[in-house]
Amino acid sequence: MLPSRPLLHAGVFALVVLQAFAADTFIAAVYEHAVILPDPTEKPVSHNVALALMNKNMDILEGAIKEAAQQGAHIIVTPEDGIYGWKFTRESIYPYLEDIPDPVVDWIPCTDPSRFGPAPVQERLSCMARNNSIYVVANIGDKKLCNSSDPTCPSDGRYQYNTDVVFDPEGKLVARYHKYNLFRSETQFNYPKEPEAVTFETPFGKFGIFTCFDILFYEPAVVLVSKMQVDTVLFPTAWMNVLPFLTAVEFHSAWAMGMRVNLLSANTHNINFAMIGSGLFTPEGPAAYHYDSGTEEGCLLLAELNARPRLSPTYPPAVNWSLHATSSQKFPGENYTFSGSVRRDIFTFGELKHKAGNYTVCQGDLCCHLVYQMSDKRKNEVYVLGAFDGLHGSLIKYHWQICTLLKCKSTDLDTCGQPVETAETKFEMFSLSGTFGTNYVFPEVLYSGVQLAPGEFEVLRDGRLKNKHSTSKPLITATLFGRLYEKDPPHPLRT
């Protein structure tokens, strides 16, 4: 069906306005929020009690939003679970949920709060955006009634979704996203029936949005970037850090570089649950990031980003991630390898026994190549080259291919793969590559103290991860994370 002429004219006019006011850069903000959690209970509290708790968190978020706007930010992202926390059953979360309409309804909750029934949370978020002339991104819960005519309708007669919302500077609801890849503990929510690819246009580029665990899967993460061609991804998350590879700032920075897109990552801040680490990440590396496990305080981050990174002269070229490794003969040298566990994943490791050398370690279809030279070979520290080619995860599995230069926890080789936060060894040079069976590879270097290494390494077009000069700090890991999406088991909804 063709659009009516008035709607068509309105759409063309909106596009012209966006182009007229298009900006080359924009100021982005993320707020890492120390969420005030409700008291654990299996029974639902009253709506007033739930709203009181949410208002306490929104008081803090509103302060961050005002500060970001005063510093010139055009958009701010707040965390997953940032308004009510995560300690819920399906029943106990219900008083915290609101009915969130499809953005096509053209609704400003701040000026018309009762149009779709009680919506005090949406009203307040809309007013925060409107009063501060800023895009506001938040994570709340959506509820949708269903009945017996729907064969998938839950027994309590409603769907409940982990939901991201975006309000524009006028306070209008412009995006709503239902999380598709629920983490194993999110039993309070339902899977949406189909994956959603949610995008919206702004004067500073095309934006997409998804939530936390979604980043690891083809739908929606790869679809938004590769097919929908978004410039920037909005990423509310409640990320539990897992060294050596899945620390928030480490993996999120790697993902932005591998996908060659901006990623605005806002994490919750709870050191008891290892939830820390947020950042503003770009195709060239982190523009700003924060990782603090020593305090209970939230943190506001701001940075000026390229609005359309694909048009930038510094936009990284496409990489053939397997070119160097597949064209290289297996390096001679130490042939001894051993198995080690990184959580539940069994890696094949080879110890770096010398100050300098060439090594190859293989597992499955993946061979990892390393050329390196340490500044000094310390007797109290052991490094290994590791390879993993297989399914990762417990209840929900996904296929990794990983090549890593990794510091072991101690000189005991049984500790290789255990979490490590500090090191003493610096490297004069390293070059890491692998025979990856995918174009989706994410590169990262992690220094002692869980610090990123912006500007200190590069990825060559033939797939080599190399340091540009001697590492400025001791090294924990240098890693290439590959994702073979086509080998993933079916989504839980499909089983």
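Glycine is no exception: its Cβ is also placed from the backbone N, Cα and C atoms.
Listed features, source TrEMBL:
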{"type": "SIGNAL", "residues": "1-22", "note": "signal peptide"}
{"type": "DOMAIN", "residues": "31-307", "note": "domain 'CN hydrolase'"}
{"type": "ACT_SITE", "residues": "Glu80", "note": "active site, proton acceptor"}
{"type": "ACT_SITE", "residues": "Lys179", "note": "active site, proton donor"}
{"type": "ACT_SITE", "residues": "Cys212", "note": "active site, nucleophile"}
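Within the same chain, residues at least 6 positions away in sequence whose Cβ sits under 8 Å from that of the residue listed as 'active site, nucleophile' are Glu80, Lys179, Phe183, Phe235, Pro236, Thr237, Ala238, Trp239. All protein chains considered, the CB of the residue listed as 'active site, proton acceptor' has 27 other CB atoms within 10 Å. All protein chains considered, the CB of Lys179 (active site, proton donor) has 25 other CB atoms within 10 Å.
In the predicted model, the domain 'CN hydrolase' (31-307) has a mean pLDDT of 96.
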